[in-house]
Each structure stands twice: as structure tokens, then as C-alpha cells.
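These come from Swiss-Prot:
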- ASP80, ASP82, ASP84: Mg(2+) binding site (BINDING)
- CYS81, CYS97, CYS104: Zn(2+) binding site (BINDING)
Amino acid sequence: MTGLDEALTRIRFTDTGLVPAIVQQWYTRDVLMMGWMDAEAFRRTMTEGRVTFWSRSRQEYWRKGDSSGNIQFVRGVALDCDGDTLLVTVDQVGAACHTGTYTCFDADPLAPVLGERPESAADGW
């Protein structure tokens, strides 16, 4: 069994065969975006040096930057403690978001609503 085969056995894909992949700039640790991968997208990401995703809407593989030039070069891939989410660290060239912003999380931040939590909530809620 290769290292890639072993890694694939550790990933807990959804019932539809997908796993969320959080993309993070390797040197700033900024979270850039989230995309979906299936086993083939994971294999391509691990062997080609560029991040490949599976588009749920278009039902096809895509790589960030193929049309925009905003390429994501893979620096590392980690699996979370539950085995159901990937963290892909990249060297991002240009904007990560399809809107042209550096990160997909630059938009309207949501304010916490701590004053509205239930009385029965623990302090750690």
C-alpha cells in the first residue's frame, strides 16, 4: 500500500463521497477558502502540487487559477482529528476568492450574539 492509498483509507468521506478542504495560506495562516474534494481530487492535489476540487454544481474537477491565474501551490495537507476535514496549506498567488478578494472570508463578518444565548448554556458555549 502506498502512502497515498493509506491516506485515502484514513479520510472519512461523506455519504456522497466528499470531504471539506479548508485552504490556508502557509506563511500567514490566513484561512482563504473552503472547497470539496473526492478521492480523485485528493489524489491530484497530493501528486500534482496544485489544489484540485470537485465542483458539486458543475459536477467536474477544477483547479484554482486555471482560468484566473490565481494559483494555489500545495505546501502541505493535514487531516483533522475526526478524519472528516482536510487542511490544505498553500502558497496562494493572487486572490483566492472568485470575487477577486484575497480570502473568501473578507466579506461581512458576523457579530457574535452572546447576550442571546440560553440561560442553561454552560460558560463554554
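Glycine is no exception: its Cβ is also placed from the backbone N, Cα and C atoms.
Location within the structure of each feature annotated in Swiss-Prot.
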{"residue": "ASP80", "record": "Mg(2+) binding site", "DSSP (3 states)": "coil"}
{"residue": "CYS97", "record": "Zn(2+) binding site", "DSSP (3 states)": "coil"}
{"residue": "CYS104", "record": "Zn(2+) binding site", "DSSP (3 states)": "coil"}
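Fewest Cβ neighbours within 10 Å among the binding-site residues ASP80, ASP82, ASP84: this applies to ASP82. The Cβ centroid of ASP80, ASP82, ASP84 marks the Mg(2+) site; residues of that chain outside this set whose Cβ lies within 8 Å of it are ARG12, LEU79, CYS81, GLY83, THR85, given in sequence order.
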